[in-house]
Amino acid sequence: MQQNQVKKGTKEMEFFTEYGDANRYRILEVIGKGSYGVVCAAIDTHTGEKVAIKKINDVFEHISDALRILREVKLLRLLRHPDIVEIKSIMLPPSKREFKDIYVVFELMESDLHQVIKANDDLTREHHQFFLYQMLRALKFMHTANVYHRDLKPKNILANANCKLKVCDFGLARVAFNDTPTTVFWTDYVATRWYRAPELCGSFFSKYTPAIDVWSIGCIFAEVLTGKPLFPGKSVVHQLELITDLLGTPKSETISGVRNDKARKYLTEMRKKNPVTFSQKFSKADPLALRLLQRLLAFDPKDRPTPAEALADPYFKGLSKIEREPSSQQISKMEFEFERRRLTKDDIRELIYREILEYHPQLLKDYMSGSEGSNFVYPSAIGHLRQQFTYLEENSSRNGPVIPLERKHASLPRSTVHSTVVHSTSQPNLGATDSRRVSFEPSKNGASSAGHPSTSAYPTKSIGPPPRVPPSGRPGRVVESSVSYENGRNLKEAYFRSAVSSPHCYFRPNTMTNPENRNIEASSFPPKPQNPVHQFSPTEPPAATTNQADVETMNHPNPYFQPQLPKTDQLNNNTHMAIDAKLLQAQSQFGPAGAAAVAVAAHRNIGTISYSAAS
């Protein structure tokens, strides 16, 4: 299956270019595997921080799994809290209609509470208190949003070496809205039995409350105190036996509220059990901690405290101030309207795609305005990550560290370059004057940035060329998109609005004859709110300026201002241009560097022309 994924991804990767996120994340190692897919640790090269990238395979193979993923990504977007894991991004798929896998970028947590408990038998009372405090803070935030997690357990609480905990895995979570009863019932509850509240064992109650999460937190905290699960039941009956062995036989009024006939009969006929004192069960624990634990593990859900009430317990004196603990706004009913209707795979794909766009604001804006193309051919990083994930999956079982594949090219080379008309606003002409010449910065091997002989030998005045802006791509590679995007904007603009290309252009030497290599790339400067400046004609040398123009240039506050000239040859915006460096050098009094600057001005309102060199 992995080989098929590689073959399928090879063709798609040919269409991905550098201005996506393909180079943003550098894969380090596989840190987890499961039926859903793989989790890898990676470095975000933009910020330098470590992240976890979760690859979820075949999202839409089963509708129930797809709904669980949709529910989780939606809730994690809505529940932003320091004690809840954060989704940093979701990678944009290559196709809106046909994508099957998704890549979710999380903040990286080194371990989970299950591993912490298993590996540490020397946790202090301060550890116990801080762990419970963080879990209750997260639970308070969720419950104020009317969200029930329903699957709290140590493996679903991530941990760092600095004792920071974060709740994760909201796939089974549900939202209760104001127009529904305070107690709700969902038939698909399949949470881990060991941390399941007694009212859920055997479907005892037809309805249940957020107190089910409070019970789970109590079970987790007891495991933190002792280092082993509190109620490791092997079946529903065994689970009830373990619970009643510690808590004693429930009250008769509690048993009368049981809806399941068999369960009610089992509890009624159960021999009388007395509760075990918690100080005897947890002899080394803080007495204040045990008093709170006994409240969390009340058999009757009505006797359990809310998370806010638990945070106000004397156990957290000096640590918790309930008034400063954040609360969540209630979630809009429209966010989860999909839970009330029958959905097809295409419906869920559209909903998940909409969630992905929440992490790509410009594309979300286009989607909401209806200007997005139906086929969704935006650049994507999925191909790049698919290759790395597949490589790590195939080699993770071998001995020794797995070295991830490195990207061979910074961008995909092309054999031909096409120009595309991009209508732009008028730009001020920043071409050089006769007193200022443009000097190209030579590369290490003595060639210009385009890979041709350097023109830096031409003398320059004390006032140098306009300040360079770091280019968005290496010289000689494609740094602008040749694909038109809706109303004339580039696809690159939709991703990196702040990216500015290098303020110079490339030209070929006199020996080049291939017409495909005569195209140049003309970078645009930021627009200035001035009157439009007439363009130079490529057939008329810059020497056509008059003495009056020279005076105007000298008196203008902008040292790079080019005076207006008579319009001699209006170029059609649809014309594909190629600048002959030899002709410009012969006709221009500025030399090759000046000719290049004139070429920039000549292309100001014509469009973006891309240049490519083989890698």
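Backbone N, Cα and C atoms are what each Cβ position is placed from, and that goes for glycine too.
Annotation source Swiss-Prot lists domain 'Protein kinase' at 25-316, citing sequence analysis. Under the heading phosphothreonine, Swiss-Prot lists THR187, THR192, citing similarity to another entry as support. Annotation source Swiss-Prot lists region 'Disordered' at 414-483, 510-544. Per Swiss-Prot, the feature compositional bias 'Low complexity' maps to 415-426. According to Swiss-Prot, the feature compositional bias 'Polar residues' maps to 445-459, 510-522, 532-544. Summarising the annotation, Swiss-Prot assigns compositional bias 'Pro residues' to 464-473.
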- Task: According to DSSP, folded down to helix, strand and coil, what is THR192 (phosphothreonine)?
- Result: coil
- Item | Reported mean pLDDT - the domain 'Protein kinase' (25-316) | 89
- Message: Are there any residues at least 6 positions away along the chain from THR192 (phosphothreonine) with a Cβ closer than 8 Å to its Cβ? List them or say none.
- Response: ASP151, LYS153
